[in-house]
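Trainee: When I checked TrEMBL for this same protein, it listed these features:
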type: REGION; residues: 458-551; note: region 'Disordered'
type: COMPBIAS; residues: 474-496; note: compositional bias 'Acidic residues'
type: COMPBIAS; residues: 497-507; note: compositional bias 'Low complexity'
type: COMPBIAS; residues: 517-535; note: compositional bias 'Basic residues'
type: DNA_BIND; residues: 545-613; note: DNA-binding region
type: DOMAIN; residues: 545-613; note: domain 'HMG box'
type: REGION; residues: 609-704; note: region 'Disordered'
type: COMPBIAS; residues: 625-642; note: compositional bias 'Basic residues'
type: COMPBIAS; residues: 647-664; note: compositional bias 'Low complexity'
C-alpha cells in the first residue's frame, strides 16, 4: 500500500464557506492546503479520534474528529474512493472509517448533542445537521428559546445568519435548560467579549487601512482597534500572516496583518491591516501581567518590561500572541538599493516588495500574491512612455494584476529575481533580448529598451527605403519644394506690396503694416531648426548601398504572398501578427537557413560600403568646390543689389526733406494724402529694412 494519498479539488468547510484546496494523507497525519489563502492545516496521526464517511451535496465527504474536540470536514470525494481511504485509515491510523448517513425525514423536532466544538441536531441515531460552534458570533436567550447568530460569509451568495431553538421547560429544580443550552454554546463559540483588562495598549498608531489613528488594545484572544469613529475586534484565529516591510525612504516601516475573514465596515472589506511607523519613535512597554504569568504563557518570547522602537515592540507582541512568523523582504535589492520597487496598481502609486515566497504591494489596495498561485508573469512595454515598463502577473485562477510605471532601470534586477524563483515568464524569448538592450543602454538617454522595439524600427526603415525606391525620389522633391528661406522672401514681398497699397488709408493702416512683419519675423525664427532638418534629410545619398535585411525580414518578404493567399482579405496589421506567430513557431533548423542568408547579405553590404567609401571621397571634394563657387557668386549678386537700391532711397529722402523745409509745420491730423502716403511708404520701408533685410532689398530692386 502507498505511504501517501493525494486528492485535488477537495473542499474544506470552514465558517460556512467551502474552500478548495489539496488534501494529502500520509503516515504522519493529514495535511490540507487552502488554494485561496495558502493556509495549511496539519492534523497529526496521533490526534485523530474518529473518521466518518457520508454522502453530502458535493458527492461524498470525510469528517475527522480529534481527541481535543476539533472537527474537520472535507468534501468532494468520489464514491469509488471509499475503499482506498478505508484501507489507508486501517493500516496507518488504526481507525475504522465509519459510514454514517444523514437523516432526510424533514422533521424539526429532535435532540441536541454537544460534542467538542460541534452542535449536532439528531433524530433518533441519525444526525440531521451539524453546526460548528466556532461559526457562532452571538448567542442570546429568551423564554424557552435560544438564538444563535453566525459570522457572515463573504464568499457565499446566500449566508445563514440566524437559527432559533425552542427548548421545552423541564421539571428538574434548580436547572434552567435554556441557560444550560446557552452556556454550552458560549463555551465553544467564537464570541468576542472584552472581559478583564488588556495585556497592553498602544496609543494613537497611524493606520493606513482602515485609515485613521487607532488605539490598539491587546487581549489574550483578540485585538481591539479603537478609533474616533469605528471599533474593530480581530480574533487572532483570523490572522493569516504578518509582514514587516521597510519603506523606500529608509525612515519608516510598514507592519501588515493579513486577515481571513476580513474585518468589515458597511459594505467595505479590509483583508489587510496596515500600520505605518517611524523608525525614530521609541517606547517603553509594561505588560499587565505578573512575571510568572508572562513566563508561563509566552515562554521567554516576551518579558514584563520591554523597551525599543515602537514597530519592534508591536511586531514582537503580535508574533508572540498570534504564534506566526513575521515575513520580511529577502535578498532582493532594486536599482536604488531599496528592497522594493515603486510602481502603480490601478489608480494609485505604491511599493511592490518581492519576497522569498511571493509579492506584496502596499498600500492602496494591498495585494499579496504567492508564488505557488502564479501561472506566469509578463514584462510589457509601458503604455505611455518607453522609459518605464509594466509587470503583469496572472494567477492560476485567471486573475490578472498589472503593476505599471516601473522605471526601466529596475528591469534587470526584477528579471533576475523572477528567473531565480523559476516563475514562468510568458515572453521569455523577447525579454531576453530586452535584458541585453537594458544592459547596453542603461546609462543612455535613448528610449530603446527592448528587442521588439528595435526590430519594429528596423522594419520601418526598410519600408521607408522601399517606398522611396518605388516613388523614384518623388518624396525628396516634395521636401525640397518647401524652403523656409524662400518662404520668408515671399512673405516680405507680400508685406511690401501691402505697405504701398495702404498709402491712402492713413497712419492707422501704416501702423498695422509695421506690426505684421514683426509677427512674421517670429514665425521665420521658429522655422529655422526645421530648415536644418530638411538639409540633413536632403543630404542622404541615393547612391549609397542599402542596409541588409534581418533574417526575419528576408523570410517575411519571401512568405508574404503565401500568407495572403492562405488568409484572403487579411489586413496589414493582422498579417504582421500572423507572420510573427509563424516565425516564432518555426523550427531552429529552418531559422538557421534564413540566418545564413542574412549573414551573406551583411557581408555584401560591408563590401559595397567599402567600395562606396572610396568613390564618395572624390565626389564629396567636387561637391565642396562647387558649393564654395556658388556662395561666391551669391555674394557678388548681393553687393550689386545693395548698390542699386541706395540711389532711389537717397533721392526720395532729399525730396521729402526739401518739401518739409518749405512748408510750415502741421500736425498729423492735417497732413495731406500725398504726404501721408509718401511718409507711410518710407516708414514701412525703413521698418522692413530693420526687421527683414532680404525683403527690403527685393522691394527696392523691384521699384527700380
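Numbering starts at 1 and runs along the chain as it is shown here.
Backbone N, Cα and C atoms are what each Cβ position is placed from, and that goes for glycine too.
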Trainee: Can you give the mean pLDDT for the domain 'HMG box' (545-613), rounded to a whole number?
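Mentor: Across the domain 'HMG box' (545-613), the average pLDDT comes out at 86.
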Trainee: Counting by DSSP secondary structure, give me helix, strand and coil numbers for the DNA-binding region (545-613).
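Mentor: Its residues fall into 56 helix, 0 strand, 13 coil.
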Trainee: DSSP says what for the compositional bias 'Basic residues' (625-642): how many helix, strand, coil residues?
Mentor: 18 helix, 0 strand, 0 coil
